[in-house]
Amino acid sequence: MAEFPASLLILNGKSTDNLPLREAIMLLREEGMTIHVRVTWEKGDAARYVEEARKLGVATVIAGGGDGTINEVSTALIQCEGDDIPALGILPLGTANDFATSVGIPEALDKALKLAIAGNAIAIDMAQVNKQTCFINMATGGFGTRITTETPEKLKAALGGVSYIIHGLMRMDTLQPDRCEIRGENFHWQGDALVIGIGNGRQAGGGQQLCPNALINDGLLQLRIFTGDEILPALVSTLKSDEDNPNIIEGASSWFDIQAPHEITFNLDGEPLSGQNFHIEILPAALRCRLPPDCPLLR
């Protein structure tokens, strides 16, 4: 078989007992591939392992986990300086795997691993919030954010992405919109939002298509605001034709500014960030990612 450069897998500690993954790695090693494996234990491990990966001279750093793990690894990669920065590979092992699913990463471990190692590396965008925190997939605010951050771990482990819908339905009686003002390029809106989605990717919360028109290499962020009483169809993903729906506000811009009279929380690839003022901007072609040739999120 063809020779491939070495790669380093950064594996979320929750997946250390994944026997099928261990077998898939061993088989690829027997085929001649060099795959280093490092396991995360605490915040900051991913950045340290990316630094180690550069010293090892690997061509790819594979994020093995959910959206949070992909976020940590990709953030560490875009902070690297100099030449020969490794590409990002994706091995979906989380609860929802929203980003991996939307870009077409195979569910089968062996196929996902081979793609992460040998797939074409394509330049994609990332987004940055307040010049500090980054996200590769989506920033979500409002009721949807509270659901994804409050859903019990045991429920997520048992039911996967469906758990977010179930927990959301259980919490319908606590619905409270977030009042805010949002500005962007040729965009201005002010009002009460039940759900805010600002996407580099398209889906969040276990498969909810919040920003269905988003692309990861167009230099733009897609915005979708759900107002009124549209939270239920948003949660169960049964929104019918919404082109003329007055409860859905859409926009596209390379940046958005959000101001709120009270503290609101955004979920950035699974990590909550609270405040009253947010500046979210796109970082064009921020890193290279190994993606399938038919990735639907590429222009």
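The backbone N, Cα and C atoms fix where each Cβ goes, glycine too.
Among the features that Swiss-Prot reports, active site, proton acceptor is placed at Glu271. Per Swiss-Prot, ATP binding site is recorded for Thr40, Gly66, Asp67, Gly68, Thr69, Ile70, Asn71, Glu72, Thr95. The feature Mg(2+) binding site is assigned by Swiss-Prot to Leu215, Asp218, Leu220, with sequence analysis given as support. Positions annotated as domain 'DAGKc' by Swiss-Prot: 2-133.
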*Can you tell me how the residues of the domain 'DAGKc' (2-133) break down into helix, strand and coil by DSSP?*
55 helix, 33 strand, 44 coil
*Whole-number Å only: compute the distance from the Cα of Asp218 (Mg(2+) binding site) to the Cα of Asn71 (ATP binding site).*
19
_Let's check the environment of Asn71 (ATP binding site): how many other CB atoms sit within 10 Å of its CB?_
24
*Around the Cβ of Thr69 (ATP binding site), how many other Cβ atoms lie within 10 Å? Please give the count over every shown protein chain.*
27
*Restricting to the same chain and to sequence separations of six or more, state which residues have a Cβ under 8 Å from that of Thr40 (ATP binding site).*
Ile10, Leu11, Asn12, Gly13, Ala46, Tyr49, Gly65, Thr69, Glu72
_Fewest other Cβ within 10 angstroms of its own Cβ, chosen from the recorded positions Asp67, Asp218, Glu271_ = Glu271
*With Asn71 (ATP binding site) as the reference Cα, tell me which of the recorded positions Leu215, Leu220, Glu271 is the closest one.*
Glu271
*Round to the nearest Å and give the CA-to-CA distance linking Leu215 (Mg(2+) binding site) with Glu271 (active site, proton acceptor).*
22
